[in-house]
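The transmembrane segment annotation in TrEMBL covers 20-42, 54-79, 91-113, 125-147, 159-180, 192-211.
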């Protein structure tokens, strides 16, 4: 997920023959460096032996409070702010998408664990918790896609994509930290390093989107120097 913009830029350069200029290359490098930093310092996931273990994590007070806050805020945005400000403020649609997306990622992770354990011979489909997670995924994704499409239809993609990427990724990391508590065993330097990697990815993503219309410019340092600009008279 964290390098999807990097992949898109490279594939566009190779397949669609779009020129990747110097700043675009720098953006890709920043995304790769940031992603590598996060992967190398990522916390170890706790062992999950059943979908019931995930259910216990999802029903702890801290995550329940987060989930209730998300649902309440989304309902307020949908029924109060969307009719008034949906077509004029890009953050309204994107906030709904990002909040619901953070819950959908947690539920998808639970479903992934259930499928993995089922394939290993431990049938998780018999538990009602698996069906609940599946319903949450369906509701969240439908809501997320609906308002993301509205945002893309109303606002410029160059504005929607980076803002959505930043908000969605940030809220997903927050939800994961609350639910799975993967960072409990990490030291402060490790956490700071991961945050620096995340900021590096955001910087690369912003650079890619902010300069994506410069694709026709020469991809080199010479593009920043006009011929004759520094000639002496």
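Quick reminder: no glycine exception, Cβ is built from N, Cα and C everywhere.
Automatic, uncurated: that is what TrEMBL annotation is.
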Contact call for the transmembrane segment (192-211) and the transmembrane segment (20-42): at least 3 Cβ pairs under 8 Å, seq gap 6+: yes
Outside the transmembrane segment (54-79), six or more residues from its ends: residues with CB under 8 Å to it: 48, 92, 95-96, 99-100, 102-103, 106, 109-110, 113-114, 129, 132-133, 143, 174-175, 178-181
For the transmembrane segment (91-113), sequence-distant contacts whose Cβ falls under 8 Å of one of its Cβ atoms, 6 or more beyond its ends: 48, 51, 54-55, 58, 67, 70, 73-74, 77-78, 81-82, 85, 124, 129-130, 133-134, 136-137, 140-141, 143-144, 147-148, 150-151, 154-155, 160, 163-164, 167-168, 170-172, 174-176, 179
